[in-house]
Amino acid sequence: MGLLLLVLILTPLLAAYRHPDFPLLEKAQQLLQSTGSPYSTNCWLCTSSSTETPGTAYPASPREWTSIEAELHISYQWDPNLKGLMTPANSLLSTVKQDFPDIRQKPPIFGPIFTNINLMGKAPICVTAKRKNGTNVGTLPSTVCNVTFTVDPNQQTYQTYTHNQFRHQPRFPKPPNITFPQGTLLDKSTQFCQGRPSSCRTRNFWFRPADYNQCLQIPNLSSPAEWVLLDQTRNSLFWENKTKGANQSQTPCIQVLAGMTIATSYLGISPVSEFFGTSLTPLFHFHISTCLKTQGAFYICGQSIHQCLPTNWTGTCTIGYVTPDIFIAPGNLSLPIPIYGNSQLPRARRAIHFIPLLAGLGILAGTGTGIAGITKASFTYSQLSKEIAKNIDTMAKTLTTVQEQIDSLAAVVLQNRRGLDMLTAAQGGICLALDEKCCFWVNQSGKVQDNIRQLLNQASSLRERATQGWLNWEGTWKWFSWVLPFIGPLVSLLLLLLFGPCLLNLITQFVSSRLQAIKLQTNGAGCRPRNIQESPF
């Protein structure tokens, strides 16, 4: 009876417990089921704890290149020779700001998020930029790219204004040029490159085409029914299904290819009027970086993973998804239970043949060439990558908080320094008055320290749970998964032992009563006198 109560108490608690890897494993199981993999049931799903290879990259399909949305981050820099021209330059900048509300957004966090990432499969599209003095983000080998677009390394884009054109919206006179191997693309006359309806015309006016241009079909990424088309006017990719009508899905405001090429460009605002003269020296420069707006998608550049590409980036990149290493083992294998404790104790290693998740899916062959048959699998796979993106966002918020606090405190310190210099102007400033070196002390905010303290507490909690032996929940869950199949039969046997004697006694009494009743009926029939009258002849 005590064991039954223990099972009834622990079962809801253990059912509510969720291992930290459960979201990823659940998404992996959904992915296996959606692709009809033979490993969707009766198998082991294992995650790797190795830090040498933090994950695997999976390239996006050609159709996803037409649907994943990008965004631009704009900052500007004044020309150092603006002495005496700040007033008209500010007037011009205020006009531009009204037409471009994204100016001076909070800059994204650049740099590789992960390194030593392995790209599985062949990327359908890659983009190469070779800029002088550019920021190298990583380079994919040409052998893993099906089609490679190269951004013109020598192009510089300028925007010229007259005094009467200040009220007009700025845009690129021409898009950044991209080149590709001769004979790679085919001219196609189609209605899809004339421009689809877009809800962001007034916001992203730099992408308005100056005139209509025919599309170029990418043959080795297309099929007879589905085309992948390139519009060189806007550096945009379109997907067209020839078996359907013209009213197909709209494309994003800023596509990945457009954002990647724009981020390699240079834009300067150069007013030309009787006030400024005819010089084409830009008054200020725009620095444009690009990020992927679709959560879970990343730039894959060599073995590095990026959320954003900086201004004037250089390298060879594609887009795709990232997941931690998840392996599959057949369900008939007996896996050893990991034991937490002294990590220095030797552990016996068993030769277990693990299958990578992507190999178990059987969809790698279709990513680099075709565009059909993997839509559902790719969508489910992207959910795995979103789990990583959420963790990255959390780290990014902490780093952003650090940057904001440093900027805020630096402004306060500089303001106080100016005030002290004014009070001690007669002595030549505070530094000369004290006859000391000018030093600054920036006191870090407690908000940042609280975030770091929480991270440390979480890490400490994980270490404690890993060293508590079999009493910790994580270890309990691991051995409980082995015991779980035996709980049902054990509970059934326990119930049988508890209520079996009672049931047996009831059955015995019922049988005895029925036998007694039959016996009484038989005895009564034998003692009754016969009432038979003989008929006379």
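Backbone N, Cα and C atoms are what each Cβ position is placed from, and that goes for glycine too.
Swiss-Prot assigns the feature motif 'CKS-17' to one of the listed ranges (57-73, 227-243, 414-430), namely 414-430. As stated in Swiss-Prot, the feature motif 'CXXC' covers range 43-46 out of the listed 3-6, 7-10, 43-46, 319-322.
Looking up the ranges 354-374, 480-500 in Swiss-Prot, the one annotated as region 'Fusion peptide' turns out to be 354-374. Considering other CB atoms within 10 Å as the measure, the emptiest surroundings among the glycosylation sites Asn133, Asn177, Asn241, Asn312 are those of Asn133. Distance between Cα atoms for Asn241 (N-linked glycosylation site) and Asn312 (N-linked glycosylation site): 35 Å, as a whole number. Looking at Asn146 (N-linked glycosylation site) and Asn177 (N-linked glycosylation site), their Cα atoms lie 20 Å from each other. Fewest Cβ neighbours within 10 Å among the glycosylation sites Asn146, Asn220: this applies to Asn220.
When the glycosylation sites Asn133, Asn177, Asn220 are screened for a Cα within 10 A of the Cα of Asn312 (N-linked glycosylation site), the ones that qualify are Asn133.
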